[in-house]
Amino acid sequence: MRRLIDKTLVVASHNAGKIREIRDLIGPLGFEAKSAADLNFVEPDETGTTFEENATIKALASAKASGLPALSDDSGLAVDALGGAPGVYTANWAEREDGSRDFQMAMEKVEEALRAKGAVKPESRTARFVSVLCLAWPDGHVELFRGEVEGYVVWPPRGTSGFGYDPVFQPKGYDTTFGEMSAEEKHGWKPGDSEALSHRARAFKLFAETCLGA
């Protein structure tokens, strides 16, 4: 495993909600985090079929364009009754014809698909959020970290915090959705903590322990 020495890196994302969460998680570690959006980098085509492949595509593109280490996140909601969908195509389910993204529409699509399967009771609506972080260097070296959190898809959506599918995901052991939690509650982790709640925080915990010794 390669240690990260630089204190400036690029967040390889154009997703405002994701950039905010990554900055919230990496800020306490003392990093200055620029984003691919801030630097006007072109978004690479995510042609991978796994979270790991897409995270690597994004991180390498930003690392090579900036000459700095880059950190990407590829994440999604995997619903068991839907065979793991939306999965790596989580963002695609939110795409409108004009290219914009509408996650209210995406959540409705998931709910419609579940009802079509007769998945009404909580035990038939199990799901997990997956996050894969990729840390890439300009020389092409990459490190990957995967975090998952188990839960259920609920309906109707609850809460206005977070982003994406957060209002319909209720983690196991909780009676609130990610959309009803503050950022601190959702992640449940800061450097040095032994536990984390969200998928992204669990991936960050591995990243911090492995590449930073934190």
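Using N, Cα and C of the backbone, Cβ positions are placed for all residues, glycine too.
When the candidates Ser66, Ser75 are compared with the substrate site entry in Swiss-Prot, which names Ser13, His14, Asn15, Ala16, Gly17, Lys18, Phe163, Gly164, Tyr165, Asp166, Lys186, His199, Arg200, the shared residue is Ser75. Annotation for the binding-site residues Ser13, Asn15, Ser75: lowest Cβ count within 10 Å of the residue's own Cβ, Asn15. Here substrate is bound by Ser13, His14, Asn15, Ala16, Gly17, Lys18, Ser75, Phe163, Gly164, Tyr165, Asp166, Lys186, His199, Arg200 per the record. The longest Cα to Cα distance in that group is 22 Å. Looking at Gly17 (substrate binding site) and Asp45 (Mg(2+) binding site), their Cα atoms lie 20 Å from each other. Of all the binding-site residues listed here (Gly17, Gly164), the one with the fewest other CB atoms within 10 A of its own CB is Gly17. In the shown protein chains, 27 other C-beta atoms lie within 10 A of the C-beta of Asp74 (Mg(2+) binding site).
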